[in-house]
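A.B. asks: Here it is, the structure in full.
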Amino acid sequence: MGQGYLRDSKEAEALFTNMDLLLFSLIIGIVIYWFMSRKKPEPIPEFKKIDTPAPTSRETSFIEKMKKTGKNIIVFYGSQTGTAEEFSNRLSKDAQRYGMKGMAADPEEYDMGELSRLSEINNSLAIFCMATYGEGDPTDNAQDFYDWLQENDDEDLTGLNYTVFSLGNKTYEHYNAMGKYVDKRLEELGAKRIFDLGLGDDDGNLEEDFVSWREQFWPAVCEHFGVEALGDESSIRQYELKEFTDINMNKVFTGEIGRLKSFEVQKPPFDSKNPFMAPVTVNRRLNKAGDRHLMHLELDITGSKIRYESGDHVAVFPTNDSALVNKLGQVLGVDLDLVISLNNLDEESNKKHPFPCPTTYRTALTHYLDISHPPRTNVLYELAQYASDPKDQENMRKMASSSPEGKALYQSWVLESCRNILAILEDMPSLKPPIDHLCELLPRLQARYYSIASSSKVHPNSIHICAVVVEYQTKTGRVNKGVATNWLKNKLVTDNGHKATVPMYIRKSQFRLPFKASNPVIMIGPGTGIAPFMGFIQERGWLKEQGKDVGETVLYYGCRHKMEDYLYQEELEEAEQKVVITQLNVAFSRDQEHKVYVQHLLKNNKENLWKLIHLENAHIYVCGDARNMAKDVQTALHEIAEELGDMTRTQATDYIKKLMTKGRYSQDVWS
């Protein structure tokens with residue numbers, strides 16, 4: 001019994017020791033884990049702060065920034081294609097010449113509710129350069145500001161001095177709607193307009209409109225604040241050049257829009273600052289004959305989580321022609337592969353660089369800068385100092401002035417002759433600007449928008465583009481090529497074994513099929529205006545297959561010759577056979593002696609059209625040329641309403657306007 005007890009007690013002792021060790025290890029483990037985990041949370045708030053910046057007064061307060069940097073003029077811009085932003089930068093730079101200090105600002109980045117506090121700064125002024133987009137809409141970056149203006153009826157802006165320059169296009173229905181609204185609304189809220197609203201018309205000469213307005217604006221500002229111009233007309237640099245001789249090339253931008261290496265390591269969501277690199281799976285010529293090149297491309301969006309609807313736009317980021325870039329390098333006598341950075345001299349500015357830096361001159365001229373459009377007058381003015389021939393200097397400064405002679409010279413020598421920056425440098429051999437100053441002055445190369453020619457119901461992983469390649473001869477005998485369309489044309493499905501890709505994102509549109517599929521639709525789209533209707537037709541066909549009650553689907557399409565440029569002929573005729581398209585009306589404008597356009601076919605079918613519109617709640621869609629076609633179509637519909645609706649011209653015009661207001665008349669047009 002004693003031995004048994006002794007054995008049991010020894011086993012118990014051993015067990016106790018093992019338990020003890022286990023518990024001891026567990027306690028030590030918990031203590032170590034507690035210490036480790038206790039230390040970990042410390043840097044987490046910092047990490048989160050970097051990843052998703054919480055809005056602080058320092059970040060969103062333009063008032064505090066202005067006070068800190070001694071600025072008294074702020075220029076807000078609502079910009080879709082970069083022009084309004086460019087104008088606002090020019091105005092903020094101008095302020096320096098009048099002994100004042102200005103800053104350009106994106107309303108999306110600031111708390112616009114602070115406008116009422118601007119009177120805290122002496123001699124303060126808010127300038128608004130506002131572009132109108134689409135059907136009288138604000139630009140993407142001004143949407144929140146527009147909503148704020150609409151929603152805040154009790155806002156008191158007494159003491160706020162302001163002026164507005166508006167950018168629009170007379171060929172559009174809602175000419176300069178956004179600028180007009182901001183101008184009127186600020187006054188309603190108590191702000192003081194110190195200079196008249198400026199209206200810029202891109203259908204005419206937007207640059208001339210801006211220069212003329214600006215020439216009268218600054219004297220009015222001087223008079224209002226009792227200041228005088230400093231008479232300093234010299235060039236003011238905004239950025240300083242830094243050259244790199246020894247840099248890790250992994251830290252150099254090679255065309256990315258936002259994040260470094262974002263083209264190689266793709267992370268959703270994809271947008272204007274983070275485009276998706278979509279492989280090109282189809283690139284085919286649509287027209288059977290003729291001099292022009294009309295094309296159909298398909299972009300693969302598999303795995304991108306990108307969603308789109310029929311009627312949306314696809315935005316693509318093109319690159320400039322390498323031949324043009326190389327020629328610029330030769331004319332300027334520079335090494336295009338030098339790695340550089342242009343750094344803002346104003347350290348407080350939100351815009352640290354004019355384009356992603358560090359990068360090479362070659363990348364900047366290929367991916368980031370617009371080298372194909374005729375340069376604006378401010379570029380000529382700033383570059384004039386680098387012309388060794390006094391006559392060249394004089395002409396460049398004259399073109400930048402508002403004198404009738406200067407305006408006429410700019411109109412004929414630059415605009416009508418379609419001279420881009422390379423042509424100007426070639427035709428003015430004495431002009432030798434430093435390339436860094438030229439890169440500072442040239443505007444950013446913008447994304448191009450195309451109406452999507454497919455339906456996501458039928459093609460969820462593919463986006464279709466329909467476009468015509470732009471190429472023409474100028475008055476100087478040079479051949480100018482459209483940047484985006486020529487770049488797309490050369491996006492072959494496999495390029496030396498590599499898949500060709502296109503940086504892209506989706507821009508939502510209001511161009512939408514009716515909510516009720518049973519509503520009839522009337523689609524009017526000649527030429528590449530057919531694009532969104534290919535998506536609409538695919539979608540109506542899909543709805544029909546699902547057993548839905550689909551209303552009449554009527555298409556009015558137009559091209560030059562049936563045997564030459566009848567786009568998507570096979571697809572359209574097949575849709576007609578399947579009664580997806582209930583009426584296919586095609587105008588071949590040049591197949592007979594008298595030209596026949598879509599508006600003529602509308603008049604020919606006026607009874608049926610009027611029945612669909614007036615009695616059956618049809619939705620009308622127009623896509624294509626804004627300058628002529630869209631206006632002619634509207635006129636034809638006015639005349640049909642007059643005749644068959646027994647209306648006066650004024651009543652007919654109001655009738656069509658009401659259809660627009662109700663969302664039953666939509667336009668996707670360009671000029």
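Each Cβ is built from the backbone N, Cα and C atoms, and glycine gets one as well.
Sharing the record's features from TrEMBL:
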- Arg292, Thr528, Ser589, Arg590, Lys595, Val596, Tyr597, Val598, Gln599, Asp632: NADP(+) binding site (BINDING)
- Arg448, Tyr449, Tyr450, Ser451, Cys466, Ala467, Val468, Tyr472, Gly482, Val483, Ala484, Thr485, Trp670: FAD binding site (BINDING)
- 73-218: domain 'Flavodoxin-like' (DOMAIN)
- 273-514: domain 'FAD-binding FR-type' (DOMAIN)
- 12-36: transmembrane segment (TRANSMEM)
A.B. asks: Return the average pLDDT for the domain 'Flavodoxin-like' (73-218) as a whole number.
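C.D. replies: Across the residues of the domain 'Flavodoxin-like' (73-218) the model's pLDDT averages 94 on the 0 to 100 scale.
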A.B. asks: For the domain 'Flavodoxin-like' (73-218), what does DSSP give as the number of helix, strand and coil residues?
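C.D. replies: When I sort the residues of the domain 'Flavodoxin-like' (73-218) into the three classes, I find 65 helix, 35 strand, 46 coil.
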A.B. asks: Taking each of the binding-site residues Cys466, Val468, Ala484 in turn and counting other Cβ atoms within 10 Å of its Cβ, which one has the fewest?
C.D. replies: Val468
A.B. asks: Cα-Cα separation of Ala484 (FAD binding site) and Lys595 (NADP(+) binding site), in Å?
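C.D. replies: About 30 Å separate the Cα atoms of these two residues.
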A.B. asks: Quiz question: given the binding-site residues Ser589, Gln599, which has the greatest number of C-beta atoms lying within 10 angstroms of its own C-beta?
C.D. replies: Gln599
A.B. asks: Using a 10 Å radius around its CB, how many other CB atoms surround Arg292 (NADP(+) binding site)?
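C.D. replies: Excluding its own Cβ, the number within 10 Å is 17.
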A.B. asks: By CA-CA distance, flag whichever of Arg292, Lys595, Gln599 among the binding-site residues is nearest to Tyr450 (FAD binding site).
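C.D. replies: Closest candidate to Tyr450 (FAD binding site), judged by Cα separation, is Arg292.
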A.B. asks: What Cα-Cα separation, expressed in whole Å, is found between Val468 (FAD binding site) and Arg292 (NADP(+) binding site)?
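C.D. replies: Here the two Cα atoms lie 7 Å apart.
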A.B. asks: Work through the binding-site residues one by one (Arg292, Ser589, Lys595, Tyr597, Gln599) and name whichever has its CA nearest to the CA of Gly482 (FAD binding site).
C.D. replies: Arg292
A.B. asks: Please report how many Å separate the Cα atom of Tyr597 (NADP(+) binding site) from that of Arg448 (FAD binding site), as a whole number.
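C.D. replies: The Cα atom of Tyr597 (NADP(+) binding site) is 27 Å away from the Cα atom of Arg448 (FAD binding site).
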A.B. asks: How many Å lie between the Cα of Gln599 (NADP(+) binding site) and the Cα of Arg448 (FAD binding site)?
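C.D. replies: Between the Cα atoms of Gln599 (NADP(+) binding site) and Arg448 (FAD binding site), the distance comes to 28 Å.
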A.B. asks: Highest CB neighbour count within 10 A among the binding-site residues Arg448, Lys595?
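C.D. replies: Its Cβ has the most other Cβ atoms within 10 Å: Arg448.
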A.B. asks: Are there any residues in the same chain, six or more apart in sequence, whose C-beta is under 8 angstroms from the C-beta of Trp670 (FAD binding site), and if so which?
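C.D. replies: In sequence order, the residues whose Cβ lies under 8 Å from that of Trp670 (FAD binding site) (at least 6 apart) are Gly624, Asp625, Ala626.
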A.B. asks: Quick check: of the binding-site residues listed here (Arg292, Ser589, Lys595), which one has the Cα closest to that of Cys466 (FAD binding site)?
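C.D. replies: Smallest Cα separation from Cys466 (FAD binding site) among Arg292, Ser589, Lys595: Arg292.
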A.B. asks: Looking only at Tyr450, Tyr597, which of these binding-site residues has the biggest number of Cβ atoms within 10 Å around its Cβ?
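C.D. replies: For the binding-site residues Tyr450, Tyr597, the Cβ with the most other Cβ atoms within 10 Å is Tyr450.
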A.B. asks: Between Ser589 (NADP(+) binding site) and Arg448 (FAD binding site), how many Å separate their Cα atoms?
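C.D. replies: Just about 28 Å between their Cα atoms.
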